[in-house]
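Engineer: A single structure is presented below for examination.
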Amino acid sequence: MSSEKIFLEGESCQSSWHNATAGYDETDTHLEILGKPVMERWETPYMHSLATVAASKGGRVLEIGFGMAIAATKLEQCNIEEHWIIECNDGVFKRLQEWATKQPHKIVPLKGLWEDVVPTLPNGHFDGILYDTYPLSEETWHTHQFNFIKGHAYRLLKPGGVLTYCNLTSWGELLKTKYNDIEKMFQETQTPQLVDAGFKCENISTTVMNLVPPEDCRYYSFKKMITPTIIKV
């Protein structure tokens, strides 16, 4: 993993992200936007783990961030009814629209930043949520998921619904600079924020998988990954 930081101090990509080129490489194993490493194919087992949790209650699932369709494709293999997907980048959204025509379940593609789209969605509408967007500024690098979770995740879920999420760009940095125990990292940096959002500690659980990133991965080098399961009761 490169020692170069993903974001420079004060850097923000938010205003230019939507129409920046979606750089899928020739082998479709990497996605870069504005030079940022958004997603890589080696994440597949982990993305499938997140998708399995998000689909575990069936029904209507909200996915925030489409990327390379790794989690989305897994969700479509699960026993769900509807699949709502928010994506703000033009090129990625075009790929989402093409992908949607080939899927077995009802797909509802929603174009825009989640900050603009999510407030329009009704309360108690989803059985599952998978949040995996890319941070768009240095200021929100480690915290953007909490803006969604505290502002919207709890209200969007039906009672008994499930939330899962990740912020690999943040967690990769934390596991490189501050933590060598991934469960401790989650308990100290994530769980208190989830409780603040209305979820109860006893309804927050995690599973850990072994997964070795390639040496040239710029955002994650830790050899374990963590999948949260957060239930609204």
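Positions of Cβ are set from backbone N, Cα and C atoms, glycine also.
Under the heading domain 'RMT2', Swiss-Prot lists 1-233. What Swiss-Prot records for W17, M47, F66, G67, M68, A69, I70, A71, E87, C88, N89, W114, E115, D132 is S-adenosyl-L-methionine binding site. What Swiss-Prot lists as guanidinoacetate binding site is M39, E43, D132, L168, T169, and the listing cites similarity to another entry.
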Engineer: An 8 Å radius from the center of the M39, E43, D132, L168, T169 Cβ atoms defines the neighbourhood of the guanidinoacetate site; name the other residues of that chain inside it, in order.
Structural biologist: V38, E40, M47, G67, Y134, C166, N167, Y219, Y220
Engineer: Have a look at the binding-site residues W17, F66, I70, N89, E115 and say which one has the shortest Cα distance to E43 (guanidinoacetate binding site).
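Structural biologist: Answer for the nearest of the binding-site residues: I70.
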Engineer: For the S-adenosyl-L-methionine binding site, please report the maximum Cα-Cα distance among W17, M47, F66, G67, M68, A69, I70, A71, E87, C88, N89, W114, E115, D132 in Å.
Structural biologist: 23
Engineer: Closest of the binding-site residues to I70 (S-adenosyl-L-methionine binding site), Cα to Cα, picking from D132, L168, T169?
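Structural biologist: Of the binding-site residues D132, L168, T169, D132 has its Cα closest to that of I70 (S-adenosyl-L-methionine binding site).
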Engineer: Of the residues named as guanidinoacetate binders, M39, E43, D132, L168, T169, how far apart in Å are the Cα atoms of the most distant pair?
Structural biologist: 12
Engineer: Measure the Cβ-based neighbour count of F66 (S-adenosyl-L-methionine binding site), defined as the other Cβ atoms within 10 Å of its Cβ.
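Structural biologist: Excluding its own Cβ, F66 (S-adenosyl-L-methionine binding site) sees 25 Cβ atoms within 10 Å.
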